[in-house]
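Okay, structure first, notes after.
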Amino acid sequence: MGYDPGIPAGDLNFHSTGSVGPISPLWVVFLPAFGGLLVGIITSFFCSEAQGGGTDSLIYAFHFNEGKIQTKVPFYKALATILTLGSGGSGGKEGPTAQIGAGFGSSLAGFLGAGARARRTLMLAGTAGGLGAIFRAPLGGAITAVEMVYQEDIESDSLVPCILSSVTAYLTYTSIAGSGSIFSVQVYSLNDYRHIPLYIVLGLLCYVVGYFFVKVYHLVQDIFSKLPLPNFLKPAFGGLLVGCIALLFPEVLGSGFGLIQRMINGEVLESTSFGFSGPFFLLAVALFKVFSTSLTVGSGSSGGLLGPSFAIGGMLGAFVGSMAQVLFPELNIIIFPFLLVGMGSFFAGVARAPIAGMIMVCDMIGSYELLPPLMIVSVIAVVLSHRTSIYRNQIKNRFLSPSHHWDMNQDIMDRIRITDHFSEFRKYAMVSEHLSLTQLQSNAPGIQASDFILLGTGDEYKGIVSLRKNRILPEFEADLKNLITCGEIVQDVPSVCTNDTLGKALRILLEYDVDKLAIVEDGKCLGYLRYIDLFNAYQNEVKNKQRKSA
């Protein structure tokens, strides 16, 4: 069998031209399996983080691992991706490139001794650099990096570093590989309002197939995680199944970008195996691409989901455009605009990244003429798919992310009253003003506290004693053992009542640098709240609001 996978115009410098000559069907079946076996050995015995798409792993590192990615990951991820894609696996190079860039950013942060917040920023900047270079999309790479970590938010704190990184990587890459966009596209703009209903249909189709893709991919992941095979054999088994699909539809191999360029050039794709063409062949390729990508990446091979998502969406767009040509010849439909709009819409829906999908496609074709239909179709796909995402580690918004546990919206805090969430208060770290400082120091480890609420003889609130600020050194303990009482070193910290807001309580904690706040009602101290108590109440309030608005 012979097959021409095509080459994106922007990648001509890195490819030999021409068709893949006749090859034995056995190669088609077993080459992806052999590549999967090599990848399985790498991910099972050398670097488990190198398996899968890459994007989900970096999202996990951002939210749950302080942006830490092991230094070895970029090397092994690159090697595993080369083996997967070189052997015909159905995946993209963009997700792995994003993880490789993120790994470099994380390693740089470790070298500089940066904290968790700076490490996360450098990690996303590395991601943006990788995407901006490989897609030749300086703005799209930056937007994708800050948008893909959330379902309904963006990591705005990292936007400027991501833009700088993406532009720098883009300029460096194009100085070596040559300028120009990934796809070569003729000038086109939407100037016929009669096409808009067709784009709406495309948005609905992208949602349906996108939902199907997400479910199939997650199902394949779950099946392979429970499959009674050694882990290093699972990618090989997935590759074998992909090879079987490729016997019927070799178009599913690779990222699919070459097919996209061929259709942009006006070629009519024809089945290599069955010799038929037309709209339903394009739909069949899109659906089988869903299965081949799910089997490749879901089984543990190293390939991205970003590229195949664009390819599937492009096929769906070409299907709608081709059907419109047949059904409505008077509209003078051109297929490639539907193809490109489908790319952005499908990715926006499955990745919950509407802005990134639009901007990325515009950057990839070097024109923003298609932005209006991209906006229409992407919004439809995203709104309908608001409960699903291809990335399992995405978090709904920054308020629910562990990376922003200490960020709280002050407006919300000022609307929440203490009595709304608390009826009882902590009392463990409450001591008498007559207690000696030495005794307090000896009791502190058992109570596990450094700041204490000080009470008078009638349980009235006196202030706070902080062992972080007042402590008798061991060499002076014998001389000062009982000379200093807690009442003599008390810090005058305002209290709050149950009707006060969490915002007021938080401002007092921050202003006076204490970790506890006394709750006083009718002159009597009822107990205290800690910073973490305020945070938990805030989180519960946000979750309740989101649940009601869902």
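Positions of Cβ are set from backbone N, Cα and C atoms, glycine also.
Worth saying up front: this structure is predicted, and the values here are computed from it rather than measured.
For the ranges 158-184, 428-454, the feature annotated in TrEMBL as transmembrane segment maps to 158-184. For the domain 'CBS' (489-544), the predicted model reports an average pLDDT of 88. Between the transmembrane segment (26-47) and the transmembrane segment (237-260) there are at least 3 Cβ pairs closer than 8 Å, counting only pairs 6 or more residues apart in sequence, which means the two stretches are in contact. Contact between the transmembrane segment (370-390) and the transmembrane segment (237-260) does not hold: fewer than three of their C-beta pairs are under 8 Å, each pair 6 or more apart in sequence. Within the domain 'CBS' (489-544), the DSSP-based counts of helix, strand and coil residues read 25 helix, 16 strand, 15 coil. For the transmembrane segment (331-350), the list of distant contacts is 183, 185-186, 188, 190, 192, 194-195, 198-199, 202-203, 206-207, 209-210, 213-214, 260, 263-264, 266, 305-306, 309-318, 320-322, 324-325, 356-358, 360-361, 365, 370, 373-374, 377-378, 380-382, 384-385, 388-390: same-chain residues at least six beyond its ends, Cβ to Cβ under 8 Å. Same-chain neighbours of the transmembrane segment (196-217): 190, 286-287, 290-291, 293-294, 297-298, 305, 309, 312-313, 316-317, 319-321, 324, 331, 333, 338, 341-342, 345-346, 349-350, 373, 376-381, 384-385, 388-390, counting only residues six or more beyond its ends whose CB sits under 8 Å from a CB of the stretch.
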